[in-house]
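Colleague: Feature list, courtesy of TrEMBL:
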type	residues	note
DOMAIN	140-187	domain 'Phorbol-ester/DAG-type'
DOMAIN	152-214	domain 'Zinc finger PHD-type'
DOMAIN	197-241	domain 'Phorbol-ester/DAG-type'
DOMAIN	357-415	domain 'Zinc finger PHD-type'
DOMAIN	520-593	domain 'Zinc finger PHD-type'
DOMAIN	571-615	domain 'Phorbol-ester/DAG-type'
SIGNAL	1-18	signal peptide
Amino acid sequence: MFLLCAALWVLSSQDSDSDSDSDSDSDGESICECICDFCDERCEEFIYHCCCGLDFHIKCALFTFNIAENNLKELEHVTLQHPLISTENGTEELEDVSKCLGCWEPLAKYTHFSPDCGFNLHEKCTKLPFKLNHVWHRKHPLVLQFNSQRLSCKICGETSRMGSGFVYGCSACKFVVHIECASQSPLQVIKSTNHEHPFTVFLRQVPFTCDACGTEGNHVAYTCGTCNIIIHKNCISLPRIIKSKWHDHRLLHTYFHHIEDFRVLDCIICHDEVNTEHGSYYCSKCTVIFHVKCVMKDKDSYEIVENEDEESPDESVSSITKVLERNDAGEATVIQHFKHIHYLILSDRVGEYDDKCCDGCLLPIVASFYYCTQCDFFLHKVCAELPKVKHVWHHRCRPALVLTSNEVFECVRCLCLSNAFAYKCEECEQCTCLRCIIALTPGARTCLGHKHPLLFYTEYKGRCVACGKDDITGLFRCKDCNFSLDHKCFSLPIRSQHRNDKHLLSLASHDDNRYSESHFCDVCEERRDPNLWFYHCAICDTSAHVNCVLGEYPFIKLGSTVKVIEDAHEHPLTFVKKIYDYPNCRYCGERCLDFALECTGCNFIAHNRCPRYNCTSSDSEE
């Protein structure tokens with residue numbers, strides 16, 4: 001197996017006593033702190049140790065040596081267990097030792113031995129030859145050994161599948177092949193579900209670029225002579241169609257593209273260019289493109305579409321249940337939305353509604369919107385067009401999120417309390433607000449005070465220019481300059497109102513006034529960093545910190561109501577802002593200086609944080 005002529009590392013009780021009596025156990029034996037590279041259990045006594053870093057229990061080293069020498073006397077008295085038949089100890093114990101220590105495949109898959117020593121092996125793994133000559137490595141014979149260095153197989157390219165089980169390898173060349181890969185015929189032909197022709201193995205190990213995924217290969221390749229395609233073995237099984245959390249539509253795999261088919265050739269996930277001469281995934285509806293390695297990186301982020309003709313339910317469920325009128329451009333001008341009982345009318349008269357906000361995201365009306373002529377209800381066009389169910393890349397659960405409203409929730413992404421629209425996971429019951437959903441939807445974004453488009457990098461770590469916080473992982477970045485922005489700051493309201501100013505305050509990205517005395521917050525009267533974002537009134541020339549203007553609960557809609565728990569109050573309470581009158585809270589006795597819950601019928605008022613309430617609002621727009 002591996003050379004047992006390695007040095008024997010003996011930790012005697014005398015050595016331990018010479019250091020410190022307290023370091024030894026009560027029975028005088030020393031403890032060796034290491035993990036056996038065969039069974040992955042802790043070594044507590046004498047071990048075999050090699051200068052290359054391998055450690056083995058004595059029984060593990062001797063057992064593997066006996067297997068290598070075909071000395072199977074130890075297994076002669078052990079009864080063979082047949083596939084899918086449990087041991088005398090029952091199926092529960094079989095699950096605990098369910099992997100063959102040779103090939104690391106399920107133990108019950110083949111006839112196997114399960115001796116009392118715990119070394120469970122398939123019968124076939126005890127009969128493997130110690131050495132073999134292989135066409136993929138003619139320099140030296142391959143020796144049966146442990147893959148303790150977790151080297152990737154030079155035929156299939158996989159690394160972790162076998163753990164530290166048996167492989168055939170050449171230590172001098174760091175060449176390793178899995179047992180089943182070594183046994184495959186060099187004339188093997190594999191049929192693909194993603195390609196019309198079969199693939200045959202290429203009988204030379206040469207560096208290549210895979211035509212299926214676009215990454216380099218340095219192990220065995222497979223070719224289609226008809227189409228002049230060369231690919232990794234694993235890429236033969238790439239699915240033709242997938243449904244990814246990174247995009248609303250299905251993605252198709254292809255081996256090459258024409259450049260003119262796409263407006264932008266950058267991958268939606270990593271934002272690096274996709275080489276259209278090699279394989280990629282793309283959307284035929286949106287002409288967006290993905291690297292294969294990016295979209296397939298997380299197995300929980302996509303599903304394979306088996307039936308190409310069947311329509312995906314996630315793509316067909318629109319929040320707009322009925323379109324009554326359209327304009328010449330094809331836009332829906334009068335709609336019925338499933339979250340409101342009246343018809344909604346499209347408008348672009350943004351300036352007429354400066355004091356209104358969208359009921360979906362609770363941000364100011366700054367773009368085309370739908371409004372209700374019978375009640376105070378507004379929806380940005382982009383919020384109204386969101387689907388009823390949606391997969392998002394930043395949520396780990398597999399089921400799609402469901403659009404909901406009339407709940408008080410804490411957004412799992414920005415941690416803001418809100419009662420606007422949200423996407424809720426029915427599995428973990430976490431909610432994500434529409435501001436975060438829209439901000440984190442893949443694609444380029446425009447930003448306040450910056451002329452270049454911004455792209456979201458999931459793994460980038462840096463400083464946000466708006467709030468000044470450092471070491472934030474996941475930021476919007478500019479490809480052309482050193483500009484980074486947290487998604488929470490990206491979603492800040494462009495305009496907001498504060499009781500200290502009768503005008504609307506506008507969000508500003510920098511302060512042109514170099515006079516240091518003006519760099520104070522007119523709300524808290526503390527010093528303000530002129531390089532960070534702030535709110536400003538050009539008429540009154542007042543400026544304030546972002547948090548001072550927005551307050552603790554900026555995304556709770558004023559005037560909406562919520563039911564408190566039993567015995568707290570018998571009537572629904574309304575969210576209000578106390579600007580001029582500061583009554584005392586019924587619970588804690590302190591003044592309600594800003595945000596509060598009020599029952600107008602009972603003259604009852606309390607801080608939002610004081611009474612406990614359930615998550616369901618008593619308002620209903622459905």
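Yeah, the Cβs are placed from backbone N, Cα and C, and that goes for glycine too.
Provide an account of the burial state, proximal residues and distances for the features listed.
Modeller: Within its own chain, the domain 'Phorbol-ester/DAG-type' (197-241) is flanked in space by residues 135-136, 152-158, 186-191, 250-253, 255-256, 274-275, 278-280, 291-293, 296, 304-305, 308, which lie at least six positions past its ends and keep a Cβ under 8 Å from the stretch.
Confidence over the domain 'Zinc finger PHD-type' (357-415), given as mean pLDDT on the 0 to 100 scale, stands at 91.
Per DSSP, the domain 'Phorbol-ester/DAG-type' (571-615) is made up of 0 helix, 19 strand, 26 coil.
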Colleague: Could you put numbers on the helix, strand and coil content of the domain 'Phorbol-ester/DAG-type' (197-241), residue by residue per DSSP?
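Modeller: Secondary-structure breakdown of the domain 'Phorbol-ester/DAG-type' (197-241): 4 helix, 16 strand, 25 coil.
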Colleague: With DSSP, how much of the domain 'Zinc finger PHD-type' (357-415) is helix, how much strand and how much coil, in residues?
Modeller: 4 helix, 19 strand, 36 coil
Colleague: Mind tallying the domain 'Phorbol-ester/DAG-type' (140-187) by DSSP state, helix then strand then coil?
Modeller: 7 helix, 15 strand, 26 coil
